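Below is one structure, written out as structure tokens; the observations come after it.
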Amino acid sequence: MLRTGRNDVCWCGSGNKYKNCHLAFDQRLENYAIMGEEVPEHSMIKTPSQIQGIRHAGVINNQILDIVSENIKAGMSTEDINTLVHENTIRLGGIPAPLNFEGYPKSVCTSINEVVCHGIPDPKRIIKDGDIINVDVTTIVDGFYADASRMYCIGKVSPEAEKLVRVTKESVDLALKECKAWGHLGDIGAVISEYIYANGYTVVREIGGHGVGIAFHEEPWVSHIGTRGTDMLLVPGMIFTVEPMVNAGKADVVQDSKDGWTIYTTDNSLSAQWEYTILITEDGPEVLAR
Ligand code: MF3
Ligand code: CO
Ligand code: CO
């Protein structure tokens, strides 16, 4: 492959000469690669204009989740949440990414209690007092994607359920501290799994976070059980989600054979999840959607 010449325009789309833009950055990556580090491809490093677009998608995604936060309550169906997300997404100028994604039939995922993720909204599933529910919203704005989910404790939930929800959120906030430029992707899963295991819970292994922004699911895959100092180097311009699924019982999960989407805990224990979309910058992480 032909390398970018020093006086060519930079690959990042800034319009500047390569030598005045990403040349030093690329040399740094090359040196890390020579030292045996796994470095991201350029396709995993967003350009300034892509970052602007994804940041804006994040603002809209946050607004939609804020509307869910203000309205969700016992007595509503998960289909009502779907309607709320769908209508507000369109009103705010976005497209709900889940709708028709690989055949997914709705505009949002609603995962209650022992449902780990990818729960399909259903007019017959009424949200009850004592339920814990994850609402996972992904929005496309001007072609850019942002992805985040929040947990809700409906009415009076058991202290056990409340703790699971709180500890899961805390694990994401701890992981955020590891989202440093020139750190390792494995540090994220390491802090999450250490914190979760210390609280007596388990972490789902089969489903991870993912690069996001130009498409729904991009590289890299983000494991929530990792080893410090391993996996890909974190580089400014990378955007990915951290979205651990934490089970009160065993880690094992199973997919619903009838709908092909819903993921349950095999032992029917409670499961919680929080998801942020995170940008790596030289000055630390920027949460684009939460
Ligand atoms: N939003 C989920 C994630 O965090 C993916 C849902 S795929 C869908 O990656 F089709 F179920 F929407
Ligand atoms: Co995601
Ligand atoms: Co999501």
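Just so you know, glycine gets a Cβ as well, placed from its N, Cα and C.
The domain 'Peptidase M24' annotation in TrEMBL covers 53-282.
The annotation substrate binding site is assigned in TrEMBL to His118, His217. Sequence-distant contacts of His118 (substrate binding site), defined by Cβ-Cβ distance under 8 angstroms and a gap of at least six in the same chain, are Tyr104, Cys109, Ser111, Trp261, Thr262, Ile263.
Per TrEMBL, divalent metal cation 1 binding site is recorded for Asp136, Asp147, Glu275. Listed in sequence order, Pro98, Val108, Cys109, Thr110, Ser111, Cys117, Asp147, Ala148, Ser149, Gln273, Glu275 are the same-chain residues at least 6 apart in sequence whose CB falls under 8 Å from the CB of Asp136 (divalent metal cation 1 binding site).
In sequence order, Asp147, Ser149, Val172, Gly208, Gly209, Val222, His224, Gln273, Trp274, Glu275, Tyr276 make up the list of same-chain residues 6 or more apart from Glu243 (divalent metal cation 2 binding site) whose Cβ falls under 8 Å from its Cβ. The divalent metal cation 2 binding site annotation in TrEMBL covers Asp147, His210, Glu243, Glu275.
Cα of His217 (substrate binding site) to Cα of His210 (divalent metal cation 2 binding site): a distance of 6 Å. Cβ-based neighbour count (10 Å, all protein chains) for His210 (divalent metal cation 2 binding site) stands at 19. Highlighted here are the binding-site residues (His118, Asp136, Asp147, His217, Glu243) whose C-beta falls below 6 Å from ligand 2: Asp147, Glu243, in sequence order.
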